[in-house]
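S.K.: Here's a structure for you.
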Amino acid sequence: MKTKIAKHLLQIKAVSLKPDEPFTWASGIKSPIYCDNRLTLSYPEVRHDIAEGLKELILTHFEGAEVIAGTATAGIPHAALAADRLNAPMCYVRSKPKAHGKGNQIEGAVSKGQKVVVVEDLISTGGSVLEVVAALQEAGCDVLGVAAIFTYGLPKATAAFQEKNIPYVTLTDYDTLTDVALELKAIEPSAMNKLKRWRQDPSSESWMEETV
């Protein structure tokens, strides 16, 4: 599954790799990779495989899940598709409460004590999805963990999830994707060193330097 989803993401250009012309993230980080999983919704086969994959992840790793929660906004459609396949209730969670109306942060019916799995499209540092987890926990839910399409596998994310004692699983990951990209000739072999060095310390720009 990891290889299949990685190929999908590369072939539809949901993931772009440019180690020699790095992207600038909103945080200011210079990155050789950019991921836009919203594109997956436009491709029925890809969308189907992601939904089936998320269903299997949830059944395998989060036994007893009662509610599927999507992160606003990118996680919502994938949560809905997975919940439909699981015949489970679904809700979604904003990063912060609405400033008007009822001021809801959680939209949908969810009750105290219910076992919830959060669906996210992408895990970078883990900060935003863990805010969603915290909101659900504050509402009295038992959050079993997070299921996502892709993770960069950053050390910061691993540490953040461990600190909160929240497990997470993904359909594919950075190592798989870069290996598949090399196989598909989407990157040159010489680029692999830069890609590995960036992942070790994304906040440093030393990965962009040429090494002998």
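Using N, Cα and C of the backbone, Cβ positions are placed for all residues, glycine too.
Note that this is a predicted model, so its numbers are computed, not measured.
Heads up, here are the entries from Swiss-Prot:
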- ARG94, LYS98, HIS100, GLU120, ASP121, LEU122, ILE123, SER124, THR125, GLY126, GLY127, SER128: 5-phospho-alpha-D-ribose 1-diphosphate binding site (BINDING)
- SER124: orotate binding site (BINDING)
S.K.: Looking only at DSSP and grouping its letters into three states, which state does SER124 (orotate binding site) belong to?
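M.R.: It is coil.
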S.K.: With H, G and I counted as helix, E and B as strand and the rest as coil, say where DSSP puts ARG94 (5-phospho-alpha-D-ribose 1-diphosphate binding site).
M.R.: coil
S.K.: Using DSSP and three states only, what is HIS100 (5-phospho-alpha-D-ribose 1-diphosphate binding site)?
M.R.: coil
S.K.: May I ask for the distance between ARG94 (5-phospho-alpha-D-ribose 1-diphosphate binding site) and SER124 (orotate binding site), taken between their Cα atoms and rounded to an integer number of Å?
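M.R.: Cα-Cα, rounded: 18 Å.
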S.K.: Whole-number Å only: compute the distance from the Cα of SER124 (orotate binding site) to the Cα of HIS100 (5-phospho-alpha-D-ribose 1-diphosphate binding site).
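M.R.: Between the alpha carbons of SER124 (orotate binding site) and HIS100 (5-phospho-alpha-D-ribose 1-diphosphate binding site) there are 30 Å.
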S.K.: Could you check the binding-site residues ARG94, HIS100 and say which one's CB has the most other CB atoms within 10 Å?
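M.R.: The residue with the densest Cβ neighbourhood is ARG94.
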